[in-house]
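In TrEMBL this protein carries:
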- 15-35: transmembrane segment (TRANSMEM)
- 42-66: transmembrane segment (TRANSMEM)
- 72-91: transmembrane segment (TRANSMEM)
- 119-136: transmembrane segment (TRANSMEM)
- 148-168: transmembrane segment (TRANSMEM)
- 175-192: transmembrane segment (TRANSMEM)
- 198-215: transmembrane segment (TRANSMEM)
Amino acid sequence: MSIIDWIYSAGVDIAGYRLSLMEVIGIGFGLASAIGGMLRKIWAWPIGIVGNAILFLVYIGITMGVHDKAPLFGQSARQIFFIATSLFGWWRWQHVKAQRHDGDGRAITPRWAKGTERLGLALTLVIGIVVVQQGFATLGAGWPAPRWYYWADAWIFMGSLLATYAMARGWNEFWLIWIGVDLVGVPLLWHSGYLPTALLYAVYALFVLYGFLVWRRATRAESPDGEPVASTSAAAN
């Protein structure tokens, strides 16, 4: 057995289903990054990048035929965009934190996106889904799949990308986008045969809901009437 085969075959059996050890580690880094994001710590970004790199190796292996499970084009491709967007978020949180003088160690003050910002997110999401699903369908032409599969995968891809961007901007909406992604992603993983992974993401979704409540409370406490604070809005422009 080659090293590559060993890396991809290592895992644990849960209720008759195989869960990749690499996938567990990658999701673990993702959860740690989410915790850091909830606490508004800069280290959330590099931790998340490590998790994205690990999950990319997992999903690209599946997509390239290392396993006989359903290929996940969106899951593998989105890790690359995660890393790029996370680099932006890492830089931006450092930039905003440098302008803060409260000494609490938090990088940003969360806020609700403005109307124009929400409109931009919505338009990007809709247009992106239409374009991306066609790309995924073209890539998966040799693999028989119902058309809805590519729409669902495109939703996960675009939603995840925009959620990461919204987190970088410090918008509360990013938690809500993540919840929307999980509402589609968990059933898709289950349908594709990734039952243990689907359960892990279901637990992750509960944490995302809690993170949203934490940020919403921080918005009310740290920014009167929910208005963006000067340091955050200045860095966004």
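Glycine is no exception: its Cβ is also placed from the backbone N, Cα and C atoms.
Caution: TrEMBL annotation is automatic and unverified by curators.
Between the transmembrane segment (148-168) and the transmembrane segment (72-91), three or more CB pairs separated by 6 or more residues in sequence fall under 8 Å, so the two stretches touch.
Taking Cβ pairs closer than 8 Å, the transmembrane segment (119-136) reaches residues 73-74, 113, 150-151, 153-155, 157-159, 161-162, 166, 173, 177 in its own chain, all 6 or more past its ends.
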